[in-house]
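Asker: The feature domain 'Glycosyltransferase RgtA/B/C/D-like' is assigned by TrEMBL to 64-232. If you look up TrEMBL, you'll see 89-111, 118-137, 143-161, 168-185, 191-207, 219-236, 269-290, 302-319, 331-349, 361-383, 389-410, 417-440 marked as transmembrane segment.
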Amino acid sequence: MQKILQGWRPYAILTLLCALLYVPGIAAVPPLDRDESRFVQASRQMMVTDDYVTIWFQDEPRHKKPVGIHWMQSAVVDTLGHPEDTAMWPYRLVSVFGAVMAVLGTFYFGAALLDRRVALVGAGVLAASLILVTEAHQAKTDAVLLACAVAVLGTFGRLYVQSRGGKAVPGWNVLLFWLALGWSVMIKGPVVAAVLLLTMLTLAVVDRRISWLHGLRPVMGIPLALAVFLPWYLAVNEATSGGFLSEAVGQDLLPKLLSGQESHGAPPGYYLVLALVTFWPGSLFLWPALRRGWTERAQAPMRFLLAWIGPAWLMFELVPTKLPHYTLPLYPALALLVATALFAVREAAYQRLAGLPARVWYAVWAVVGLALAGASVALPNIHGDGLNVLTLPIALAALAAAVVPVVLAWRTRYLNALAAAIACAGVTYIGVFTVVLPGLTDFAVSPRLVAAYDAALPGRAFPLVTTGYTEPSLVFLAGTETVLTSPEGAATYLADHPGAVAAVESRDQQAFLDTLAARPDATVVPVDSVQGFNYSRGREVDITLYRSETP
């Protein structure tokens with residue numbers, strides 16, 4: 001064990017683990033609706049138009065999130081692909097990179113706060129968490145934001161703990177702190193800054209001292225952070241005549257703080273319950289670890305980790321709009337808490353892990369693995385082409401992830417239980433992202449619709465016109481010129497453009513046909529149809545492709 005912990009070996013082990021967890025499936029899973037497809041489409045338009053200041057989705061300004069993730073995606077796609085390609089893996093590589101950096105950063109700072117043994121286990125727990133594996137497979141902001149959070153909070157935690165012993169923090173850590181804080185604002189606004197501020201305020205109140213503030217060198221650091229994000233904010237505000245900030249704050253941020261937006265409202269306690277799933281498989285020891293962390297709060301590392309988690313968690317619970325990934329910036333601290341509990345040598349700590357409440361929790365935890373096993377079998381039957389030769393092994397891996405760790409935990413073999421949970425979960429993830437999800441053909445409405453469009457109109461002489469089904473993934477796959485319109489608009493377009501093709505969802509079909517009836521000069525015929533399930537709206541769709549014939 002000691003040899004594994006030396007030098008570069010932990011970083012190599014964690015990088016390999018991340019590669020096994022995050023890379024499989026990034027090319028196989030089609031673009032997801034709706035956020036991921038909006039991000040990649042906006043990045044594509046940025047590259048095509050060579051406008052790296054304003055953010056657009058087709059001809060609509062996208063004044064919600066900053067530009068940082070689009071710059072990163074554009075850099076990777078420009079290097080490894082082409083803006084007009086529809087391959088998703090170059091865009092998703094940015095999230096893979098962010099997730100890997102978050103895991104390696106958790107080990108680096110965890111080793112400084114605690115020790116290398118605890119840090120390695122904690123980083124492994126974070127790497128295998130369901131929410132991070134999911135985010136690493138999507139071309140969105142959250143994995144990169146997590147990397148920023150680890151750099152910022154990790155540096156502050158190291159400074160907080162080591163300053164109490166009179167030790168100095170390496171100067172490059174402080175430089176990283178301010179650069180990462182500035183870049184986090186470019187990725188997702190003030191999220192990391194808010195978590196940091198709450199952590200600082202909590203420790204200042206509890207300790208009644210802020211001697212650590214001097215170590216951050218704010219006189220040098222604040223201008224540095226401002227230099228990272230302020231130029232773009234000034235440029236976009238100028239380019240949009242103040243529209244970006246007014247819409248980002250007034251129409252996106254504030255409504256989320258005041259009420260549940262976009263059907264994402266939930267009561268307080270939502271994240272507490274959901275952590276069983278989102279932090280899986282590390283959630284096996286979550287509640288015993290939190291209890292131990294609280295009893296050991298007199299220790300500076302424990303106090304810091306609790307200050308990182310508690311106030312920000314409460315903030316997220318009180319905000320009406322809730323999405324599973326919002327609490328992701330707190331998961332590195334949770335992972336390190338779990339690791340400290342497993343390496344506790346005092347009898348009382350192990351008694352908590354072996355007590356009746358903990359054993360009940362282990363049984364509840366097993367439900368997640370059982371659900372994954374059931375989904376691995378049920379989803380291909382309901383929304384795919386049925387079971388194949390690989391489905392059963394995936395389901396068995398998920399079943400093993402549910403049963404084996406619980407049996408080991410009941411036998412007080414806690415490290416073995418966690419190792420088994422991560423290993424079985426890893427096999428399950430690989431199967432889900434390479435076999436199960438790509439095989440859910442009912443969900444792949446946009447790819448099948450675009451294939452039918454290309455067959456009906458080789459060469460794409462006209463853009464695809466669509467009504468009733470207007471998901472962002474369709475725009476990304478069919479092209480920026482895709483016309484999203486009403487049934488009347490689709491009928492008029494076909495009547496005016498012989499040879500054009502329109503996709504009409506069944507709910508819009510009658511209005512479409514009624515409008516065509518008023519245009520006797522137009523000859524429109526159905527050429528194909530696509531059926532599937534629109535998971536963004538939670539309903540089945542039946543789409544017919546019509547082509548207008550040349551007179």
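Each residue, glycine too, has its Cβ placed from N, Cα and C.
So where do these features actually land, and what's packed around them?
Answerer: For the domain 'Glycosyltransferase RgtA/B/C/D-like' (64-232), the model's average pLDDT works out to 96.
Same-chain residues lying 6 or more positions outside the transmembrane segment (89-111) and placing a CB less than 8 Å from one of its CB atoms are 10-11, 14-15, 17-19, 22-23, 26-27, 39-40, 43, 69, 72-73, 76-77, 80-81, 118-120, 122-123, 126-127, 132, 135-140, 142-147, 149-151, 154-155, 157-158, 332, 335-336, 339.
Here the transmembrane segment (118-137) has Cβ contacts under 8 Å with residues 4-5, 10, 13-14, 17-18, 21-22, 25-26, 29, 92, 95-96, 98-99, 102-104, 106-111, 143, 146, 277-282, 324-325, 328, 331-332, 335-340, 342-343, 368, 415, 418, 421-422, 425-426, 429, 433 of the same chain, all six or more residues outside its ends.
Panel annotation: around the transmembrane segment (143-161), residues 68-69, 72, 94-99, 101-102, 105-106, 108-110, 112-113, 132, 135-136, 169, 173-174, 176-177, 180-181, 183-184, 187-188, 191-192, 195-196, 199-200, 203, 212, 215-216, 300-301, 304-305, 308, 328-329, 331-333 of the same chain, lying at least six beyond its termini, place a Cβ under 8 Å from a Cβ of the stretch.
Long-range contacts of the transmembrane segment (168-185) within the same chain, counting only residues at least 6 positions beyond its ends with a Cβ under 8 Å from a Cβ of the stretch, are 66, 68, 145, 147-149, 151-152, 155-156, 158-159, 162, 191-193, 196, 215-217, 220-222, 224-229.
Outside the transmembrane segment (191-207), and at least 6 residues removed from its termini, the chain residues within Cβ reach (under 8 Å) are 145, 148-149, 152-153, 156, 160, 180-181, 184-185, 303-304, 307-308, 310-312, 315, 329-330.
For the transmembrane segment (302-319), the list of distant contacts is 113, 153, 157, 160-161, 194-195, 198-199, 201-203, 206-207, 256-257, 268-272, 293-294, 296, 326-327, 329-330, 333-334, 336-337, 340: same-chain residues at least six beyond its ends, Cβ to Cβ under 8 Å.
Packing against the transmembrane segment (361-383) from elsewhere in the chain are residues 130, 276-277, 280-281, 283-284, 287-288, 391-392, 394-396, 398-403, 405-406, 409-410, 424-425, 428, 431-432, 436, 439-443, 533: each is 6 or more residues past its ends and has a CB under 8 Å from a CB in it.
Residues of the same chain lying 6 or more positions beyond the ends of the transmembrane segment (417-440) and with a Cβ under 8 Å from any Cβ of it are 17, 20-21, 24-26, 28-30, 121, 124-125, 128, 130, 133, 137, 280-282, 284-285, 338, 342, 369, 372, 375-376, 379-380, 383-385, 388, 390-391, 393-394, 397-398, 400-401, 404-406, 408-409.
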